[in-house]
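What Swiss-Prot records for this protein:
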type: BINDING; residues: E308, E335, H352, H450; note: Mn(2+) binding site
Amino acid sequence: MKLLATPEIWFVCGSQHLYGPGPLKQVAANAQKVAAGLAASKKIPLKIVFKALLTTPDEITNLCIEANSDANCAGLILWMHTFSPAKMWIRGLSTLKKPFCHLHTQFNRDLPWGDIDMDFMNLNQAAHGDREAGFLHTRLRLNRKVVVGHWSDAEVQERIGAWVRAARAWHDWQGAKFARFGDNMRFVAVTEGDKVAAELRFGFSTNGYGVGDLVAKVASEGINDRHVDELCAEYEKRYAVAKELRRGGKRHDSLRYGARIELGLRTFLEEGSFKGFTTTFEDLHGLRQLPGLAVQRLMADGYGFGAEGDWKTAALLRAMKVMGEGLDGGTSFMEDYTYHMNPKGHQVLGAHMLEICSTIAATKPSLEIHPLGIGGKEDPVRLVFDAPAGPALNASLIDMGNRFRLLVNEVTAVKTPKLPKLPVARAVWECQPDFKTACAAWIYAGGAHHTGYSYSVTTEMLEDFANIAGIELAVINADTKLGEFKQTLRNNEVYYHLAQGIRV
C-alpha cells in the first residue's frame, strides 16, 4: 500500500512503590511476557513494544509526553498489574494525545487455589487496579477501548487487533493530504462539508487543484511511449483484455490513453505525497476520457477515492483500506445505485459509473471499453467484474454541521445475476436487518449515496475508529429496530451538542 507506515503500539504497565523492589521486579517481568505474547499474535498487525513499568506521576507524565512526540507511536495499551493509584495518572493522561486501549487482564489465567497467600494477592491486583484506572479514565471523559479477558485468549487478541487497526488508520490520517480535482458535482449537498473542521477533528487536509494540473501530467513528455507500452503490457498480464483494446486492436489507442491517465495521475499523487483524491465528471476539461481504469487501479494500491468531489469518502476509504490491510477481502468506493424490490427478496445493486476497486473482484477482471452516456467524453476504458458473495458493510462519513457522523450498515453480498448489458464493476447485497428498515434508518441518519464498501473491515474496527476520532457512530445491523434507532439519533443530537461543555 502506498505511503503506509508501520508504527508501534506501546505496552505500558502501572503499579506503585508500595510493594517494594522485589514485587515490582516481578511485575515488570510479567508485563514484558504479556507484551511479548501480544506481539507474537498474528491477530495484531503492528509491533507491540513493552515500553515501561510506571510507578510515579512524573514517570507517567514523561511517558505520555514522549508518546505524543514520537511519530512512530500509534497508541498505547495500558494495564494495571497491581493497584496503581489513579491520581498519579491525572497529569499524564490529561496531556496524552495518542489513542489508548485499556486491557483488563491478569498475568495468570487460573488461580492456584491451594497456594494463594497474601503475597500472591498483593502481586495480582488487576481486578481492582484496573477498576481504579477505569474510574479516572471515565472521570476525565477519555475515549478508549476496554478489552477484558486473559491476554492469551484468541478473542482478546482479536479485539485488541481490531483496535490496533483503527489506531493505525488514525495514525495514517495525521498529516495526510487529499487532492480534489475540480469541485463538487454541481448542486450536490452531501459531498460538501467543512474541510477546516475536518482537519481540526481528523488531522488530514483536503485542497483543490485544477484539472489542468492533471492534464499537464497526462500530456507530460516525462510519460513516453515506452512507459505506456510497459503499462499496457501489464494490463494484458493481469486482466482479460478485450480483443479490440489489445496491441493491434482497433481501439488500442483508447487503452493507451487510459494508461496515460494512470501514469499522469499516479505521478501527481506521488509527487505531492497524497493519500487520496477526488474527481468529478463535470470538470474534465482537457481530458479525453473520464478516469476509470486509472482510479480503479490506484484504489487497489491503497489510495482513497471519492467521485463527484466527495473528499470525505476519499478519506474514509483510505482509512478503511489501512484498517483492512493484510486481511482477506477488499475495500472499494461504492454507490447504492438501484434496487431489486421483489417481495421475495429485496436487493441493492451497487456500482458507479466506472470507479469500483478491483480488490473486491470475485474473479479476474475484464478490461473493456464502452460508451458512458454521461460526461460528454470519449468512451472510457474500465475494469468489469462481479463482487463476491459474503458478509460486508457500507460506511459513510457525513458532516452534520456541528459534528461528524460515521454511519455503518452491515450487509450480506450475494452472487451477482447475469448483467450482459451493464459493463461496469458491480456488487449486489441484501441489507441487515432487512431492506426497508436499513434504507429508512440510513435516510433518517443522513447517510450519503457514496460509501466505503468492505469485506475485510468490521463494525468493531469502525467503532474503535470513531471512538478514537471522538465522533458519533450509528450502526444498522441485524439487531436494529427503526424506532429505537431514531430515538438514538435524537439522543445523540443532544449529547454531541452538550458534550464539549461538560468535559470537566
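Even glycines carry a Cβ here, placed using N, Cα and C.
Note that the structure is predicted; figures quoted are calculated from it, not measured.
Here the features listed in Swiss-Prot are placed on the structure.
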| residue | record | CB count, 10 Å |
| --- | --- | --- |
| E308 | Mn(2+) binding site | 24 |
| E335 | Mn(2+) binding site | 22 |
| H352 | Mn(2+) binding site | 21 |
| H450 | Mn(2+) binding site | 27 |
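When secondary structure is read from DSSP and collapsed to three states, E335 (Mn(2+) binding site) falls in the strand class. What surrounds the Mn(2+) site, by Cβ distance within 8 Å of the Cβ centroid and not counting E308, E335, H352, H450, is the set G306, A307, D310, T313, F333, M334, M353, E355, H449 from the same chain.
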